[in-house]
């Protein structure tokens with residue numbers, strides 16, 4: 001596959017767009033009528049910035065690199081493109097979508113199924129932590145779209161259970177995250193096992209060297225689309241901080257907040273799994289109802305907790321960054337960073353949840369003396385202001 005040297009001279013891990021056409025209505029994209037029906041039924045009215053720019057080149061068959069964060073509508077961008085390109089009458093895998101976490105893969109699967117509701121297609125999630133036998137059975141039925149995590153997908157292709165001969169499109173979502181989690185080898189292997197003619201679509205919030213290497217090795221003359229940070233979703237989200245002198249005082253601060261704020265639904269982020277468990281125990285001991293979720297839990301447990309949270313029967317979810325990218329709960333109006341994220345890129349993944357697509361939200365950051373520098377960095381990185389939390393914060397939620 002051809003290399004694209006132009007990508008290597010990019011400043012600060014940001015790609016340069018080389019494609020600027022926009023289509024600002026779904027009706028003007030020449031989509032199948034059943035697909036269009038699914039898009040509107042899903043609740044979309046007009047395309048977001050990335051959808052206006054990226055859907056058309058993908059549908060036209062170009063390899064596409066899109067740099068965009070969560071909350072920009074990127075999942076629907078490639079879901080719509082995939083659904084437009086596949087042939088529902090052919091019962092075999094025509095599109096493969098890889099994601100870094102099981103939660104994200106399942107979320108993508110839900111979007112594909114919902115938007116493709118009138119199209120008579122099958123979409124199967126091929127993820128670790130589930131029964132291999134069930135996977136094999138589902139794959140033998142020939143679902144047109146597979147969404148999965150690299151380990152399990154690689155395994156199924158190697159066992160020749162997932163057949164790739166009809167593959168038209170390969171989508172890598174959150175490529176930076178997948179490569180930083182050590183999936184590089186499996187991803188390279190999967191590329192080698194796909195037909196030469198497979199179209200490649202890569203989405204990534206950042207463009208570190210390892211992502212650029214994938215694009216140069218496996219993509220042909222790609223269309224590059226950068227959705228700049230100012231089009232992203234900190235807009236509409238009120239961001240505050242509470243100065244907490246010592247780490248030990250955070251728990252009391254959180255308990256006081258619980259009293260003040262009768263929260264609709266909230267996610268509280270901690271930086272480690274142990275901290276999540278510790279905080280959950282402490283809050284439950286104080287008779288607060290909270291649920292917790294992190295990567296040490298098995299899949300069944302995680303699914304159950306997400307289900308309870310989505311349905312509203314559990315109100316407060318304590319989680320690690322692993323889940324910042326997999327939680328898409330429309331009614332979350334409050335995010336609390338009990339710990340500031342260890343890297344600034346994760347800040348938008350955490351709080352971009354609360355205000356997606358113009359929904360309002362509030363983010364409250366607990367900031368110790370040691371965190372002040374990181375908070376300033378976050379403000380600078382996102383060109384945003386995080387202000388001290390006012391007394392009447394309850395009125396804002």
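In case you wondered, yes, glycine gets a Cβ from its N, Cα and C as well.
Record features, source Swiss-Prot:
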| type | residues | note |
| --- | --- | --- |
| MOTIF | 24-52 | motif 'Q motif' |
| DOMAIN | 55-225 | domain 'Helicase ATP-binding' |
| BINDING | 68, 69, 70, 71, 72, 73, 74, 75 | ATP binding site |
| MOTIF | 173-176 | motif 'DEAD box' |
| DOMAIN | 236-397 | domain 'Helicase C-terminal' |
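Overlay of Swiss-Prot feature records on the structure.
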{"residue": "68", "record": "ATP binding site", "CB count, 10 Å": "24"}
{"residue": "69", "record": "ATP binding site", "CB count, 10 Å": "23"}
{"residue": "72", "record": "ATP binding site", "CB count, 10 Å": "27"}
{"residue": "73", "record": "ATP binding site", "CB count, 10 Å": "21"}
{"residue": "74", "record": "ATP binding site", "CB count, 10 Å": "23"}
{"residue": "75", "record": "ATP binding site", "CB count, 10 Å": "22"}
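Secondary structure at residue 72 (ATP binding site), as computed by DSSP, is coil.
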